[in-house]
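Chemist: Below you will find the structure I want to go over with you.
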Amino acid sequence: MLSRLIVRCTFIFIILSILGSAVPRHQATLKEGDTSIADYEGWQKRQFSEDGFSNSRSKSGYFKAFGVDLSPDNVAVAIVYFVQGVLGLSRLAVSFYLKDDLRLDPAETAVISGFSALPWLVKPLYGFISDSIPLFGYRRRSYLFLSGLLGALSWSLMATIVDDKYSATLSIILGSLAVAVSDVVVDSMVVERARGESQSTSGSLQSLCWGSSAFGGVVSAYFSGSFVDTYGVRFVFGVTALLPLMTSTVAVLVNEERLPLGKRSVSLSVSGSELIESSKQRVMEIWNAVKQPSIFLPTLFIFLWQATPQSDSAMFFFITNKLGFSPEFLGRVTLVTSIASLLGIGLYNSFLKEVPLRKIFLVTTILGSALGMTQVLLVTGLNRKLGISDEWFSIGDSLIITVLGQASFMPVLVLAAKLCPPGVEATLFATLMSISNAGGVTGGLVGAGLTQFLGVSRDNFENLALLIALCNLTSLLPLPLLGLLPDESPTDSAQTKND
């Protein structure tokens, strides 16, 4: 049965890669750098014609996935994102470890989850360091290598000596820091390639990144539950410790020239005043970019959109303690959500690239809120009265909500990448994503406060339905602020900014 699942998942990934292939350049009808929807539609019609997969290899000689050349650089980016996805192997193990081994309540678990995201709030710092201070002559390779080692260390600690909530929080934060650093490095590489490219190419590059992450989630999803059931959480942490080493290994694929020894010595021996002056200049560059309405207003909306409260921790305690869902079954649910992420990326890559941001957020937020309210049926048991088992209801609910969430998040990444000016790619993109992550942390902490206020605990779920209703209704609050977003496609907005 497991082999059939893996084959099906792989087949889905291949199909989505084909659907997401970028538009080939037309020399006869278009000038250099010119694209049109008509040419794209014409290419779509020809995609599965007699020549079959003749376009699967680009003129550069590389194979393609999601329309992107699989050059060594892009392979390194894809593998780093794949590692981010496959690290989901430990997600269920961490949840069960906090709940069963450390005997924490839902509110405490939510707080620890919020603290684990703290390294993602200072991503601009990593971007500044990566852009300004080369290690061993490299600005990208060295940081990828070290981030992999740090990730391996953090999960090794979880597998061996961690035995209380404080040391567990510290180790989880270290693991999150490792992923955040590698994420900044590869994001800067993506931004460098996205600048000046067409919307189709830029969107396809983001789709390759997040498709790789989702595929990593598919690979690890099923095993995440069965390993916890069979071998225990410590074993899962030990296996997870090996995965970040893939990031260290692929660092050699990054196409980066080693800085001359003279430049390296200058970079490492700057005086204190020069370093402060350089830092001030970089901060002013970031501030001048962020304060522009075309960047600041959409970023403000994204923060508010992410900052609405969440009830995930309370629901996890309910489905495990009350409904008795096993780790193996939750691993299957995770598998479904990973496939759903791929479907969401495929949906955006194939149909939503040119749809204005306002429309995407409006439709997905309303649908997401309405579908999120269906969890009330699960909590009250009404789904069983309708003839739907708890297991099937959970699977269907997770599938649909994840597709909508991923489809609504993709245009944010594309827009942020194309708005970054030359010279501060890693820092500015990291700033925008940090603000988004800060919204998520805020939402998690507000959700933890609501959970505590309503008295929802590991054994008391009397007010859980009210908590779910409040969280889903508050997700609609940012909608009146949709005017902060550009009323155009990400391509048009980025092109206006570039002009």
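Each Cβ is built from the backbone N, Cα and C atoms, and glycine gets one as well.
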Chemist: From the ranges 171-191, 360-380, grab the one TrEMBL calls transmembrane segment.
Modeler: 360-380
Chemist: Pick from 209-228, 329-348: which range does TrEMBL record as transmembrane segment?
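Modeler: That would be 329-348, the stretch labelled transmembrane segment in TrEMBL.
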Chemist: Under 8 angstroms, Cβ to Cβ: which one of 143-162, 329-348, 360-380 has the largest number of such pairs with the transmembrane segment (392-416)?
Modeler: 329-348
Chemist: Which sequence positions outside the transmembrane segment (231-254), separated from its termini by at least 6 residues, show Cβ-Cβ distances below 8 Å to it?
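Modeler: Residues 72-73, 75-76, 79-80, 82-83, 86-87, 89-90, 92-94, 96-97, 101, 138, 140-142, 144-156, 158-160, 178, 182, 189, 224 contact the transmembrane segment (231-254) from elsewhere in the chain.
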Chemist: Given the cut-off of 8 Å on Cβ pairs that are 6 or more apart in sequence, determine whether the transmembrane segment (464-485) and the transmembrane segment (360-380) share at least 3 such pairs.
Modeler: yes
Chemist: Hey, would you say the transmembrane segment (428-452) packs against the transmembrane segment (75-94), going by three or more CB pairs under 8 A that are 6+ residues apart?
Modeler: no
Chemist: Mind checking which residues of the chain, 6+ beyond the ends of the transmembrane segment (75-94), have their Cβ under 8 Å from one of its Cβ atoms?
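Modeler: Cβ under 8 Å, 6 or more out: 65, 144, 151, 155, 158, 172, 175, 179, 182-183, 185-186, 189-190, 208-210, 212-221, 223-225, 227-228, 233, 236-237, 239-240, 243-244, 246-247, 250-251, 253-254, 327, 330-331, 334, 338.
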